[in-house]
Amino acid sequence: MSADTTVPPDSELRALAREYGLKPIGVRPSLTRYIKQIWDRRHFIVEYARARGQAANTESRLGRLWEVLNPLFSVAIYYLVFGIILGGNKSVPNFLAFLVIGVFINSYTHSVVLSGSKSVTRNMGMIRSFHFPRAIMPLADLVQNFRLLRTSMLICCIIVVLTGQPITWAWLLLIPAILFQSMFNFGLAMVVARLTTRVRDVAKLLPFLLRTWTYLSGVMYPISTFIEDKGDFVKFAFTVNPMAVYIELARDALLESYSVPAITWYLAVGWGIGMLLVGFIYFWKAEERYGRG
């Protein structure tokens, strides 16, 4: 006599599974649970970021020394072109310190966005093998680049002091400025990470877009002077440019003769919190699709 192979209806099976706590795979968790899952893996994020940072320098003879050399080479090239050839060192007070701050703050955002854009596609093997919140990947890239920023900003502060700037209490304002910039960077990195999973060409296009953004953000020139005789729209666009906002705040903190209007801080907070919320939710919405196809 054969065994009964009758299968209960799907509705009954789903009800039975829910009753005993079974959960479907590949389903996006609630936003609060998603955040908790990320927090539970915070130690992994830090260690993963550290391991990636070490691996990035293993193939070069100078190793971690490139963390110092890369920003210094950028500053040297920009100083030669914009400071000496174009005369920026004559029109901008303490142009070297002005330039160093702009280059380092700008590079932080660029590095996070570029690495974040590939954070999902670069880790497909891991994503398909293990269950974890995918936002860990761009967050680990942020942590890795923040570790590099600490070295860069130490160099930046040394150069600023060597150019004759005094160390004041205003330097502490650099901490909240970088905090809000980090929030902005993470949000933007999650946006481009999701876009890249759908259209891989986004990662190829980003370097050109970021380079254009650099030239529009006052990295090598004072925005206030540039927009002085421009129309209202141009003034507005340059004033609210998030990259310019964070660069201006860093200069305001480290350069004694530099000052920015109070609205710059409101813009920094708005861009930081706003982009973090938009980017996080946008990335989370596609959580169940990462690693498929």
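Along the chain as shown, residues are numbered 1 onward.
From the backbone N, Cα and C atoms, a Cβ is placed for every residue, glycine too.
Lifted from TrEMBL, the feature list:
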type	residues	note
DOMAIN	62-286	domain 'ABC transmembrane type-2'
TRANSMEM	68-89	transmembrane segment
TRANSMEM	95-114	transmembrane segment
TRANSMEM	135-163	transmembrane segment
TRANSMEM	169-193	transmembrane segment
TRANSMEM	205-223	transmembrane segment
TRANSMEM	263-284	transmembrane segment
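Here the transmembrane segment (169-193) touches the transmembrane segment (95-114). Their Cβ atoms form 3 or more pairs under 8 Å, with each pair 6 or more residues apart.
Scored by C-beta pairs under 8 angstroms, the transmembrane segment (135-163) has its highest count with 95-114, from the stretches 68-89, 95-114, 205-223. Long-range neighbours of the transmembrane segment (68-89) within the same chain, counting only residues 6 or more positions beyond its ends whose Cβ lies under 8 Å from a Cβ of the stretch, are 62, 95-96, 99-100, 103-104, 107, 151-152, 155, 219-221.
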